[in-house]
Structures are given as C-alpha cells and as structure tokens.
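Participant: What Swiss-Prot records for this protein is below:
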{"type": "BINDING", "residues": "T34, G35, S36, T37, D90, G91, A92, D93, K103, G104, G105, G106, K130", "note": "substrate binding site"}
{"type": "ACT_SITE", "residues": "E112", "note": "active site, proton acceptor"}
Amino acid sequence: MTERNTSTDSPEKRAAGIAAAGLVSSGMVVGLGTGSTVAYTIKELGRRVKEEGLDILGVVTSYQSEMLAIDAGIRLTTLSQDPELDIAIDGADQIDSNLYTIKGGGAAHTREKIVSVSAKRFVVVADDSKTSTQLDKPVPVEVLPFAKEPAVNRIRKLGGEPRLRSAVKKDGPVITDNGNFVLDVEFGVIKDPEALALQLSAVPGVVEHGIFSNVDELYIGKKDGSVKIISRQK
C-alpha cells in the first residue's frame, strides 16, 4: 500500500476495511469516506474492479479519497448525478457503545456527513483504539471564517473550549475542502451526543460538526485478522 493510503500497515485496519468492502456488489453507488482505515476499503474495491469485474460508482468525500479511488480504478460520480447511495463506508475518530461517532480528524466531516445521510446504509470501519463507552474526544466543528469569533463565543456558552486547528506544513489555520476553518472543541465526556449535536447545529456560522448519529453498523478489526460487527439497535 502506498504512503498516500496509510503511513503504516495495520492488520486491524486492513481487516475491517477489507471486510466492509465485501458488502459492495455490482450496480451499487458507494460513498467512499476518508482516513487510513477506509483506505483499505478503497484499495480492496479497486482490486475487485480489476480482478472480478465489479461494476460500481463511487462518491468521494475528500481530495484524499478522490485520489485513492482514481488510483484504484474506481469510476466516480457526484451527488448531483446520483443523490441516493446504496452504501457509505467511512472511518471514525471515536465511536461509543451506542454507535454515536466523532469524525473530522481529516477536516472532511461536512462532506462525509452529507454522503453518509444520502446512503441507505452507513458502515463505519475502525480498530479497537477508536471504541469507547462514551465520547470524550474533541469535536471538530467547521465554521465560516467570517463567523469564527461569534461562533467561538456561542460554543463556549455551550460548555465547550474551541481551538482553531492549525496547519502542519504551512503557517495559519487548516482550510477545509469547502474553504472554511475547523474548530476542535473540547467538551470532556459527552453524556448526550444527540442534544449536543442539535445545539452545535443551531450556532450561526457553523457549517457542520463532527458528531454522527446515523451509523448502522460498526466493523472493528482485530490483530488476528478477525472482525467484530456491531449493528445499531432499532
């Protein structure tokens, strides 16, 4: 696997990513998420396209997933052309026992959420390090640059401590694929993710936040190559 896909090979991520790719069949329109675990899914789908004649269309969530899909030989479409997806597969920064999920470490959570809610089935792939009884990691919040300070003030009133995400290899803040800023907001333990999600969505200037409440299934890869599957209780 190339360095653009993952920085280091991970048996757990590989197992989860490849297992989720097995859910895809010819004729499907597939949402392709962003991150190191779903990179294995994209690569496996590409292998099946080339070796098995798998006929699918992919909808990407970021520049990274677009480049991976092109490298893999997956034909791409857009939500404008195909607004209803059969399945979306994505990674997670953290996921709790009720399948509430925090995403956005790659600053792609706005597009990831749009793609996930456009799919009939949303599957998250992860390793054990991403699972937790309750969510407690910072929540990424994409904001309009124009609205940054008012949004910060309102988020503080919700009990959060926002921090503007800085770029690593350039001066200044991270800029999303949509041209916006990202705030990483520390809330401590999040006891009611659904309520917090609604409160963040109501803040003027917030484009989207990284709390996802629509995960249908979680595929957890293990070091021995096995995969544990957890489904949302209906």
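In case you wondered, yes, glycine gets a Cβ from its N, Cα and C as well.
Neighbours and distances for these, please.
Facilitator: Under the three-state DSSP scheme, T34 (substrate binding site) falls in the coil class.
Listed in sequence order, the residues of the same chain lying 6 or more apart from E112 (active site, proton acceptor) and placing their CB within less than 8 Å of its CB are G33, T34, T61, S62, D90, K103, G104, F212.
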Participant: Taking each of the binding-site residues T34, S36 in turn and counting other Cβ atoms within 10 Å of its Cβ, which one has the fewest?
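Facilitator: Selected from the binding-site residues T34, S36 on minimum Cβ neighbours within 10 Å: S36.
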Participant: K103 (substrate binding site) has how many other Cβ neighbours within 10 Å of its own Cβ?
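Facilitator: Neighbour count, Cβ to Cβ under the 10 Å cut-off: 28.
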Participant: Does DSSP put E112 (active site, proton acceptor) in a helix, in a strand, or in coil?
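Facilitator: Looking at the DSSP assignment, E112 (active site, proton acceptor) belongs to a helix.
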